[in-house]
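Following: one structure in structure tokens, then a few remarks.
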Amino acid sequence: MAGLKLQAVTKSWDGKTQIIQPLTLDVADGEFIVMVGPSGCGKSTLLRMVAGLERVTSGDIWIDRKRVTEMEPKDRGIAMVFQNYALYPHMSVEENMAWGLKIRGMSKAHIEERVREAARILELDGLLKRRPRELSGGQRQRVAMGRAIVREPAVFLFDEPLSNLDAKLRVQMRLELQHLHRRLRTTSLYVTHDQVEAMTLAQRVMVMNKGVAEQIGTPVEVYEKPASRFVASFIGSPAMNLLDGVISASGDRFELPGGLALPIGADYRGHAGRNMTLGIRPEHIALSSQAEGGVPLTVDTLEFLGADNLAHGRWGDQKLVVRLAHQQRPAAGSTLWLHLPEHQRHLFDGETGQRV
């Protein structure tokens, strides 16, 4: 197995504006890292830099302890799986999987052995003579993965491989990818805009925004302790509730526009007078009562999701979303009294957006 290291890597198209800010990442042997972020955040550009399809402006890339920054893609020991499968339509499944090995001059027996083994792992044994047009979307994606597997690369690179599949098939393919990684233990770098893919597949997640790695951590870490307001808003469905306000002069209240306020602990007294953003996830808000000092939420709409429900409403001028149990279905216009547990709240600096 082999590791991957990015050392202060940057990318600029015009020599002035850096679309990838200096970024350092160490991927351990056999680790599965997912880069996630909105369109235009730089994740696919970074993946292409690792693959050698984009030139690195500055910094270095290391694969299997070898510096590959200026190497051609074919010499880097990588295999890439694309969003659009990139299969040859006139070739059979077997020929598609074997083609890369054939042009490298491998023996016929060696090629056949690798293709048969990959087909067995991916359950493609009975499809080897078919053409891509005779396959479903999921089968085509498995062929694309098989073509990567037969190369026995040091690193797998996945560029949004499930984006073209329907919702049900994406779930199935996520499970297959998890099983495949447990079996092969090959170092993998995976790009997606889908946070569900990121959270379910990754051993560590790198959340990107405007060319910056906002946070690198386990799925649990980025969910429970988001490093910035951006991460808090991007990870989680529905998104975290974010309320802009200020720490009171006494340091014991979080004050919001319209005379609203929430008590806060003594830990934040050193931030008195500072603008802050308070965050809390919809699933961490509990039902309370007026007598218990609950926050009144006027329900605007209710989303019925089956297993649970989402109530969207207003607390004064502040918008809030709360996740409710299946049997709790408040009518529009009704009032819910809510408890925002202090240990489930997050505070972010009002200027930098960084976690306090």
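Placement of Cβ uses the backbone N, Cα and C atoms for every residue, glycine included.
Listed in Swiss-Prot:
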type	residues	note
BINDING	Gly37, Pro38, Ser39, Gly40, Cys41, Gly42, Lys43, Ser44	ATP binding site
DOMAIN	4-235	domain 'ABC transporter'
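Locations of recorded Swiss-Prot features on the structure.
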residue	record	Cβ within 10 Å
Gly37	ATP binding site	26
Pro38	ATP binding site	12
Ser39	ATP binding site	7
Gly40	ATP binding site	14
Cys41	ATP binding site	24
Gly42	ATP binding site	22
Lys43	ATP binding site	28
Ser44	ATP binding site	20
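Mean pLDDT for the domain 'ABC transporter' (4-235) in this predicted model: 95. Residues His193, Met208, Asn209 surround the recorded ATP site, their Cβ atoms falling within 8 Å of the Cβ centroid of Gly37, Pro38, Ser39, Gly40, Cys41, Gly42, Lys43, Ser44, which are themselves excluded. The DSSP secondary structure for Cys41 (ATP binding site) is coil.
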